[in-house]
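Asker: Per Swiss-Prot, the features are:
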MOD_RES   Ser29  phosphoserine
MOD_RES   Ser30  phosphoserine
MOD_RES   Ser37  phosphoserine
TOPO_DOM  1-90  topological domain 'Cytoplasmic'
TOPO_DOM  112-115  topological domain 'Extracellular'
TOPO_DOM  137-158  topological domain 'Cytoplasmic'
TOPO_DOM  180-193  topological domain 'Extracellular'
TOPO_DOM  244-272  topological domain 'Extracellular'
TOPO_DOM  294-310  topological domain 'Cytoplasmic'
TOPO_DOM  332-354  topological domain 'Extracellular'
TOPO_DOM  376-405  topological domain 'Cytoplasmic'
TOPO_DOM  427-444  topological domain 'Extracellular'
TOPO_DOM  466-491  topological domain 'Cytoplasmic'
TOPO_DOM  513-520  topological domain 'Extracellular'
TOPO_DOM  542-580  topological domain 'Cytoplasmic'
TRANSMEM  91-111  transmembrane segment
TRANSMEM  116-136  transmembrane segment
TRANSMEM  159-179  transmembrane segment
TRANSMEM  194-214  transmembrane segment
TRANSMEM  223-243  transmembrane segment
TRANSMEM  273-293  transmembrane segment
TRANSMEM  311-331  transmembrane segment
TRANSMEM  355-375  transmembrane segment
TRANSMEM  406-426  transmembrane segment
TRANSMEM  445-465  transmembrane segment
TRANSMEM  492-512  transmembrane segment
TRANSMEM  521-541  transmembrane segment
Amino acid sequence: MSHSDFNMEPEYVSFSDKDTKSILNESKSSLKDVKPSLEEKSYITPGLVDDVEPKGKNFVVRFFDDFKPAKATGEDGTALKRSLKSRHMQMISIGGAIGTGLYVGSGSSLADGGPASVIINYSLIGIMMFFIVYALGEMAVAYPVAGGFNTYATRFIDPAWGFAVSWNYFINYFVTFPLELTTCAITFRYWTDINSAAWISIFLVVIIIVNLFGVRAYGEVEFILSTVKVVATFGFIILAIIINCGGVPTDHRGYIGGSIIKHKPFRHGFKGFCSVFTTAAFSFSGTEVIGLAAAEVDNPQKALPHAVKQVFWRIAIFYVVSLILIGLLISPDDPNLMGNGSTSVSPFVLAIKEANIKGLPSVFNAVIIISVVSVTNSSTYTAGRTLHGMANLKQAPSFFKYTDRLGRPLLAMIVVLLFGFFAYINEADKNGNDVSDTVFNWLLALSGLSNFFTWGSICLCHIIFRLAFKKQGHSLKELGFVSPMGIWGSCIGLFFNILCLMAQFYVSLFPIGGKPNANDFFQGYLAAPVTLAFFIGYKIYDRSHIPSLDKLDITTGLKTYENLDEEEDEPTTASKRIFKKISSVFC
């Protein structure tokens, strides 16, 4: 090649206006061809369903199109939409279990065991839940899958145990839905004697409408209801302090201080203490729902840890502080207290009434109704998602896997909503019969211990997961969220659940104020043999076995987050490191 070849003038290609227009038209045409493929890719985003609504269709057509099956699934094999935001999860975690267990159930606890038993036992169960929720949060961030903790039990413990626990958990919330509808109607009797069926119909329609709008509607409704409960409980705490100090002009008792709690701190001895221990555990039912919702949370690695850390404040403020104040204001011998007589009133409402504050008891009764509606809403969500998760694990009929274009597990949801009509059995009581109470008591007895089985399984799953994770050479740095209590926290949580089962057995066998009898025992402990029957039956059918730690599948669906904190500046002093560690647990 000669030197002159490097000095050649560059050649330019010229285009006419006609050629330019032709090229632009071809480019536009090729971009149109690319657009559908980009939309198709959005369908395979893990856990997401396409949000693009079809153009040119009216509302009615789109409404019916939404019921058609989802076009594609996420990598966990489901088509649930990740529509829950961090704010939803935080309010669900704070207000999720602030409901009838606190506002109503604490009354029977106070009557059975006295104020000291209430404060001690609710604090102990709160510590147990603290360990359980952190263990659940770690696994939910690592495996944000449909079915949540029920799926973990199948995977890490044994498929037969997962089957038994999942069905027990489903039955619990399946029955709770119509029961809470009935409770809504009964609560209105504080103001009016309107037929209960009318209130049941109103609330049933409301719950159906909420579920028609999918998981986002559930999240928004729970956000609003939980906000009301949180504000109301804060308001009660402030008011209760004022009442105790004698600051209410209409309260002629003056300064109360600790005079009531000193009079009779305990009731019914050890039996009363055990009774409150189990009642307190039931009051925290629903705390674990944040783990079940992991498959529908947008960015679970950020949303779930924040929600988990709120549990400490909910336990410390809303349960312990409010119940200490209830113990200071209400005598366990009060005949109006739930558990002491035929006329039963919530201890929160009773504390306000005894201070002779006009109008405010009705306001707090409205808060109790809101809390019952919240529990009803959560029950439909929990039961439907649990049934859908079991279908994905082949532990329930496969048609319950059906998910529509809005990410709703449609058939599972319909079955749960239809069972809500069972609440009308309350009408059978008009002739003086207690048909509804008898039926609901025995239906609840089938799954009465589901909380203990579920929480214990979460702890055991976390222990096995951690051991297998270490055995197979993985580092905790790979996880997006790590429980600061580790395996030992889960061991303590598991131990507490075993204690709860023992206490429930004792109280069922030797009921307060009565002699041992078959009716009381099986209403309190029937769930144990039922769960065992589920376990043995599935074990015979599936012949499943428990894999060893080194062969346990912990990689499928595992979300790892290596080098997650590399950009964060490490504290330079020991005091700052301690402060960071403490704040990371609670904030």
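Just so it is clear, glycine is given a Cβ too, placed from its N, Cα and C backbone atoms.
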Asker: Can you work out which residues elsewhere in the same chain, 6+ from the ends of the transmembrane segment (194-214), have a Cβ less than 8 Å from its Cβ atoms?
Answerer: 81, 83, 181-182, 184-186, 188, 221, 373, 376-377, 380-381, 384, 406-408, 413, 417, 420-421, 423-424, 426-427
Asker: What residues in the same chain, six or more past the boundaries of the transmembrane segment (521-541), come closer than 8 Å to it by Cβ-Cβ distance?
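Answerer: Same-chain residues near the transmembrane segment (521-541) but 6 or more away: 158-161, 163-165, 167-168, 395, 441-442, 445-450, 453, 501, 504-505, 507-509, 511.
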Asker: Which bits of the chain, at least 6 residues beyond where the topological domain 'Extracellular' (112-115) starts or stops, bring a Cβ under 8 A of a Cβ in it?
Answerer: 121, 260-261, 264-268, 272-273, 275-276, 279, 326-328, 330, 332, 339, 512
Asker: Would you mind listing the long-range same-chain contacts of the transmembrane segment (159-179), meaning Cβ under 8 Å and 6+ residues beyond its ends?
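Answerer: 147, 150-153, 375-376, 378-380, 382-383, 386-387, 389-390, 393, 395, 416, 419-423, 425, 440, 443-444, 446-451, 453-454, 457, 527, 530-532, 534-536, 538-539, 542, 544.
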Asker: I need to check the long-range neighbours of the transmembrane segment (273-293): which residues 6 or more away from its ends have a CB within less than 8 Å of a CB in the stretch?
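Answerer: That would be 84, 89, 92-93, 96-97, 99, 101-102, 105-106, 108-109, 112-113, 117-118, 120-122, 124-126, 128-129, 132-133, 136-137, 139-140, 147-150, 215, 266, 304, 307-308, 311, 319, 375, 378, 381-382, 385-386, 389, 451-452, 454-455, 458, 499-500, 503-504, 506-507, 512.
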Asker: Looking at the transmembrane segment (91-111) and the transmembrane segment (311-331), are there 3+ C-beta pairs under 8 A, with each pair at least 6 apart in sequence?
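Answerer: Yes, the transmembrane segment (91-111) contacts the transmembrane segment (311-331).
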Asker: Are there residues at least 6 beyond the ends of the transmembrane segment (311-331) whose Cβ is under 8 Å from a Cβ of it, and what are they?
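Answerer: Apart from its flanks, the transmembrane segment (311-331) reaches 93-95, 97-98, 102, 106, 110, 115-116, 118-119, 122-123, 126, 129-130, 133, 230, 233-234, 236-237, 240-241, 243-244, 256-258, 260-261, 263-264, 283, 287, 337, 347-348, 350-351, 354, 585-586.
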Asker: Would you kindly list the residues that approach the topological domain 'Cytoplasmic' (137-158) from elsewhere in its chain, counting only those six or more residues past its ends and only Cβ-Cβ distances under 8 Å?
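Answerer: Tertiary neighbours of the topological domain 'Cytoplasmic' (137-158) are 47, 76-78, 80, 165-166, 169, 288, 290-295, 297, 300-301, 304-305, 307-308, 385-386, 388-390, 392-393, 395, 454, 457-458, 460-462, 464-465, 468, 479-483, 539, 544-546, 552-553, 557-560.
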Asker: Residues sitting near the topological domain 'Extracellular' (244-272): Cβ under 8 Å, six or more positions beyond its termini, same chain?
Answerer: 111-117, 325, 327-333, 354-358, 506-507, 510, 512-513
Asker: Across the topological domain 'Extracellular' (180-193), what is the average pLDDT of the model, as a whole number?
Answerer: 82
